[in-house]
Structure formats: structure tokens, C-alpha cells
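*Asks:* From TrEMBL, for reference:
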type    : residues                     : note
BINDING : S36, G37, G38, Q39, D40, S41 : ATP binding site
DOMAIN  : 31-208                       : domain 'tRNA(Ile)-lysidine/2-thiocytidine synthase N-terminal'
Amino acid sequence: MSHLYDRSTTYIHKQFISYICHTYLIKNFYILLSISGGQDSLVLLKLVLDLQLDYHWVIGLVYFDHKLRLDSGINLKQVLNICKITQLKSYIYESIIAKYSEKIFRTWRYNILFDIASQYYYTKIFTAHTLTDLSETFLQRVFRGCNTDSITSIWPNTYKAKTLDLVRPLLSIKRSEISWLSRKFCLPVWSDYTNYQHSNTRNRLRQELIPYIQNFFQPIINNKIYSLLKNIEVDTEYLQKATVKLYSLIKHPNFVAIHYFILLNQPKSLQYRVIKLFFKHSLNKLIPIDKIDEILLILQKKQKVLLSLSNLSLKLSFTDYWLYIVIK
């Protein structure tokens, strides 16, 4: 375990701090670090510990015990041992969720992370997602037919606020490099046997599909996906800002309405995004793309119609320039 404090550096250390330097003023961070005992989170902990003294970081550790595995108690003991040796402030949470759901568990984890950060004044939340995780999530969302906003949501900085950032500083590092560094410093990695169960879609992507693509189509598929997402993220950022600007321009100052004549003269991409923002901002409703298509067709024909959305019946009505929503 003393290898956690072996401060000899590697090219991965330089890559890690290069990303941090590029994105932030890096001194005096208060970092909340989510760990599991696996190689990704232990490598992240190792990198942060090695740089802690140089950059005056204050570090806190969070561990989530999902109570899903037979060996979860032993895993918890290993994490508690790490907390004891590092003498870092630590927060341990045990799940009371009875039924497995990755979405529910993810929401549970992130809600707790943000609560701890807010309560104890952490300015950064670090999670140990790697370049390989990025590829897996990208492929999962492509298969689901997600839009570009959803596809880029695992980008290194997915949440930024005045006093708190959610950061994924390992996203430019491959899992093979993570594995190499964990062996070099003999880190006490906990192997999660559920990562090898092929009934899990993500495991099949990791163990079967991505290696197949690397062998027969593109050896550096992870880097290619990273580059693609970087380009998409730049375009998405522009579209999001353009959408907010256009929506601010065309929304009615007093009523739940938008100036549809201006909207219909905009590119289709902005039309879709503004309609989506209109319903989210006015009614707090997420509107599916088929309903947006229906609304745009209605706008072109200027038809007064009833629209059903998530158990909500709406009436769309028009004047010469404005589209109004009336809740029935």
C-alpha cells in the first residue's frame, strides 16, 4: 500500500496535469474523489496524491456500496483500509435500493456527490471515467438513437457552476495505460467479477465489440471516437448558445407563446431545439422528436389543434405571428 505514496512520475502524470492545467487554475482545489477500489479509481487517487503537495489540494474520498455483490463487504474493508492509510476525509454510503437499475444508482451517486460537495465546500468532483468508458458510453447511446446533446454528456466537464465542477480528468487516458500504471506502482486493485458477466450490455461492448473493431476495422477506435466527440461538442456548444439566444428573442414577454414566423425562417436544427426548449421552459416537459415534427407541420399549416403530451392535453392556437399554448 505504501506505493500510493511513491511520488516518482510517469508520462501519465504529465498527461493528467496537462489536462488540468489546460482547463483550470490548478492550485488550492478542494477535490471530492469518487472511488470504488478498482484500478481506474485507484489510479486517479494515485495521481491526485502525487500532485497534492505541489498544488495544495485538499482531498476527500467517497465510496458507494451498492450491496449487489457477495463480496461487497470485503471490498468495503479494502476501501476503508485505503482511507485509513491515506488519512483523507472519507464518506461511505450504503445503498438501500432493492432492485438493480444503473440509471437509479447513477442518480443516487451523483445526488450524494453534489450534496457532499455543497455541504463541505468542495470545488471539484473527480470521477475515474477513462477513454475506454467514453467509447463504451458513446456506442451505447448511438445504439439507443440518442441526439448529439446526450452523446456528448460524458465529456470531461459535464457540469460547471459558479463554485463547483464535475470533472473526468482520465477521459484522454486508455484503460491499457491505466492498467500499466496500476501494475507499475503495485496498487491494491479490487477486481469486480460482475465486469466479466456478458449478460451486461456494457461488458459485451468492452470484452467483445470494441476488441473486434480494433482487430478488424480501426486499431485506434477509442482515439477516433474521442476526436469525433470533441468536434460534436464544439458544434453542440454553439447550437445551445444560438438556441437560447433565438428563444430569448422570439418568446412572448407575457404569455406562453413564441413568434413562430421568425422561428420558421431558421435552420431546422434551431427549430427543433427552440421547440424543445419552449416546452421545457414553459411546461417543464421533455418533448419527443416525433411531437416536434408534428408541431412544425402544424406551424406551417397554421392549424388549431389539440396536442397530447405526457398525460397533458394542450391546445395550440395562432395569431398572425404567435403560437400560443393553452392547457386544457
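Even glycines carry a Cβ here, placed using N, Cα and C.
Please treat TrEMBL annotations as automatic predictions, because they have not gone through curation.
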*Asks:* Name the residues of the same chain, 6+ apart in sequence, whose Cβ is under 8 Å from the Cβ of D40 (ATP binding site)?
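*Replies:* Result: A128, H129, T130, D133, L170, R175, I178.
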*Asks:* When the number of other CB atoms within 10 A of each residue's CB is tallied over all shown chains, which of the binding-site residues G37, G38 has the maximum?
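*Replies:* Most Cβ neighbours within 10 Å: G37.
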*Asks:* Quick check: which same-chain residues outside S36, G37, G38, Q39, D40, S41 lie with their CB within 8 A of the centre of the ATP site CB atoms?
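*Replies:* Apart from S36, G37, G38, Q39, D40, S41, the close residues are I35, L42, V43, A128, V189, W190, D192.
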*Asks:* Within 10 Å of each Cβ, count the other Cβ atoms and name the one among the binding-site residues S36, Q39, S41 with the highest count.
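*Replies:* Per the Cβ count within 10 Å, the most buried is S41.
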